[in-house]
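S.K.: For reference, the structure I am asking about is given below.
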Amino acid sequence: MRRRRAAVAAGFCASFLLGSVLNVLFAPGSEPPRPGQSPEPSPAPGPGRRGGRGELARQIRARYEEVQRYSRGGPGPGAGRPERRRLMDLAPGGPGLPRPRPPWARPLSDGAPGWPPAPGPGSPGPGPRLGCAALRNVSGAQYMGSGYTKAVYRVRLPGGAAVALKAVDFSGHDLGSCVREFGVRRGCYRLAAHKLLKEMVLLERLRHPNVLQLYGYCYQDSEDIPDTLTTITELGAPVEMIQLLQTSWEDRFRICLSLGRLLHHLAHSPLGSVTLLDFRPRQFVLVDGELKVTDLDDARVEETPCAGSTDCILEFPARNFTLPCSAQGWCEGMNEKRNLYNAYRFFFTYLLPHSAPPSLRPLLDSIVNATGELAWGVDETLAQLEKVLHLYRSGQYLQNSTASSSTEYQCIPDSTIPQEDYRCWPSYHHGSCLLSVFNLAEAVDVCESHAQCRAFVVTNQTTWTGRQLVFFKTGWSQVVPDPNKTTYVKASG
């Protein structure tokens, strides 16, 4: 496997450096015909394949229509927009109905998606718009991972910026199972690529600080498949739960707060309430400490239709919930509730309570319990998470919890203690005790609570909440000058 990935990455770089087309092993994508070009006839499926070409065409049409639904509602008509043109050309023609050659039939240029909504309040502006030209001299191609449909690679652009490339995985489950069933490589390629196209549309329509930024896309011919699609996105780090459990509570809370804000946005998105049918940690990435959803090809906007509450059972491995059926014939809040319970079982229950400040634990426990019982919706959940942030950032959580110390500490400005470290948990540094504090009184309180602490060094570095980072030490036998730090040592003991 390691050898295969190395070979894939090597070929990927070589294809770009030579200025040739993207290699299908690394940047596969959709197989829409070029504008004005009729779809090529596919070979008839082999014997025993159920449904045949008609069934495959039905599935392609269903996915195409789904992408069309999500792409509607932009700021203007699709005419003149390159991605909209490409999408229109993807429409499979009906039996015996030839598709007319459009007047703008010519090779399309690459660029940004053609239907970006105006950014709403708090939404990030559009990122740099990249296309095929940006990918011709990339370096450092590295395989990051793959799922059922897509493979992800990390590359460095000529300007030095690192981005992620997503493309249909030729070795993936979706493409392989389709080819085994229908025996039609290009048709199956198109079917799989519509999931990537759907994700591209949703990344643009759902723009938010906790949705991965779409930077652009590229269509290029690749081997025997014309117009393969590669999307170019913001680069994030995979979510590794075991590693997160070893980080500070402040960083873990930031992830949960990010998730709460994301779920609130999905519940009130321009498309309606969006649910993530595949809600595992691997569907998310971390970008500068913020959690962002990256995999949207299994997202769904439509609520579940119902005739009664028996049709509105939300099933999970550990338990089920029955939701009401509205008078309009839809399960009330099923999309929102599914997201919320998944946030509880994959994130909140592990990351929120452990090693939190004692005065915040009752509120954190109530958040975990309420989401685990689906007693709250996303609005109330986010309001409570924002309350925790306010209490923590303002220092109000310290009221009645920081005892006045009888021990005096001597201040030594512009100095530090280079050694005499000890380990504590959780710490921002694995080899020492590096914690964040709201003020000097909290630093003294922490030192007093550690039996081995005899001194601490206040740095000029702060966390995302504005709290200062402090090293706690076992002694002060060697104090050296440092203009960016201040040392405090116990006056006795």
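Using N, Cα and C of the backbone, Cβ positions are placed for all residues, glycine too.
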S.K.: For the ATP site that Swiss-Prot describes with M144, G145, S146, G147, Y148, T149, K150, A151, V152, which of these is also annotated: K166, K198?
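M.R.: Looking at K166, K198, the one Swiss-Prot places in the ATP site next to M144, G145, S146, G147, Y148, T149, K150, A151, V152 is K166.
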S.K.: For the ATP site as recorded (M144, G145, S146, G147, Y148, T149, K150, A151, V152, K166), determine the largest distance between any two Cα atoms, in Å, rounded to the nearest integer.
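M.R.: Value for the max Cα separation, rounded to a whole number: 14 Å.
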S.K.: Starting from the Cβ centroid of M144, G145, S146, G147, Y148, T149, K150, A151, V152, K166, the recorded ATP site, name every other residue in that chain with its Cβ within 8 Å, sequence order please.
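M.R.: Near the ATP site, beyond M144, G145, S146, G147, Y148, T149, K150, A151, V152, K166, sit D169, G172.
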S.K.: Distance check, please: Cα of Y148 (ATP binding site) against Cα of N460 (N-linked glycosylation site), rounded to an integer number of angstrom.
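M.R.: That comes out at 46 Å between the alpha carbons.
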S.K.: May I have the DSSP-based helix, strand and coil counts for the residues of the compositional bias 'Basic and acidic residues' (52-69)?
M.R.: 18 helix, 0 strand, 0 coil
S.K.: If one measures from the C-alpha of N369 (N-linked glycosylation site) to the C-alpha of S146 (ATP binding site), what distance in angstrom results, rounded to a whole number?
M.R.: 34
S.K.: By Cβ count within 10 Å, point out the most packed of the recorded positions listed: S177, N320.
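M.R.: Of the recorded positions S177, N320, the most buried by Cβ count within 10 Å is S177.
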S.K.: Just name the winner among N137, S146, N369, N460, N484 (the recorded positions) by count of other CB atoms within 10 A of its CB.
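M.R.: When each Cβ's neighbours within 10 Å are tallied, S146 leads.
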